[in-house]
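Here is the structure we will look at.
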């Protein structure tokens, strides 16, 4: 497939809003692709280059891309930045610049999809400061051979932000339709290998290839997620339920095979180097080959420390021994996905729990199983008294569903209205805060697109604003006066008094008294609040207000 053909598919998708229409367009494109083209097409159409489980990073930020565009088009850097600021969209700005370029490439060639992929993966393998020139050179050569339309999507892919609204669910359905296989088989394979690109390649071979895929160590699996609910509702729906403490720590996945062991974060990043003490504890706790799911917390004086203490350990890359002395980490394991060559995710939770207690023992999270609401309520109060966030309620007969947020896991914690939102823009601060960003534009998601919801300017200490500035300064993609826009990569937890209907933001809502709570380093922008869930919150809020006034 030529990259120009891929760009035409993207342009068609960009003008669609209906999910079924998107599925149709993608499913038409997939069958004619060669086996080596399928993984590339699928990842690219979702704005990705590497599978979620991969530790590879492209390493091209906005500034490197702007320099590559400058060289490819033969224009001044100021021209590139001005056009991007005017457009507010890197892709369309690059398209305009390439349409008017005066510099001609004498070695022009038609770009092929796999060729572009190979060049980009080559960029990712180059490390160190001296590699920046080589990254710019490769990006410049690709852009130099690109048509204006190709340039629009090539630039966005380099920033891994395609902005055409295609999410995993859409692509899963398109794969099933294109190759006439059961969508449950596509889901099974995705749960096992966590790479829709590879799933598409297997689907082309047929249903047997999909069903033969299994979970393996050192290939992290997306973690099962919980939604909000009530104790009464869970008992009414399921009778007997399992209650566990909800820890204010960081989710982890522990993989062990033989003498080798690694740990992965909620975002599937390998954090083994930062947590050698936790790996050592779990490795000594079991002699089996396992994949475990759990939460690690920081402990001081037998009490859990704040979430930020855990994050500091996850971020640490140097002076690990010193950090181990300062912050003691304790793992709490609550599930097992793999044991000695056997995938366990389809087993009922109570069976997985029995295996877990046999295999690990010491670090298994405490659990209470009951049909009695008062017993579960007491467990909830015990959790709060011990300094934890609340409790998790789980259905004993439920399977483990990687990456899904369903009714089989429910979180119960004190009523605090917060949302996890992506940071997409900011304004510079004033006075003593003029050297950092002072307020932030945050967004929810809707069908794979980020939708502005509110601005957040309170709740930050000076130290936190400096930390956020350091995290975001290299992610700036455009500037207009005091306003900047970011490549979306950071998630804030934002508190608020209430949701209000508002025409100010594209979401149609605004937050009353929004305040910064914390950075969610453990989440990426695909896990933020959806517009649908915000509508649901608003409806529940309205019903509560009506009940109060009666």
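Each residue, glycine too, has its Cβ placed from N, Cα and C.
Cross-referencing 251, 328 against the ATP binding annotation in Swiss-Prot, which names 244, 266, 295, 334, 405, 411, picks out 251. Cβ-based neighbour count (10 Å, all protein chains) for residue 295 (ATP binding site) stands at 24.
Within 10 Å of residue 246 (active site, N6-AMP-lysine intermediate), as judged by C-alpha distances, the binding-site residues found are 295, 411; the full candidate list was 266, 295, 405, 411. Counting only same-chain residues at least 6 apart in sequence, those with a Cβ under 8 Å from the Cβ of residue 405 (ATP binding site) are 225, 226, 227. Site extent for ATP: among the recorded binding residues 244, 251, 266, 295, 334, 405, 411, the largest C-alpha separation is 19 Å.
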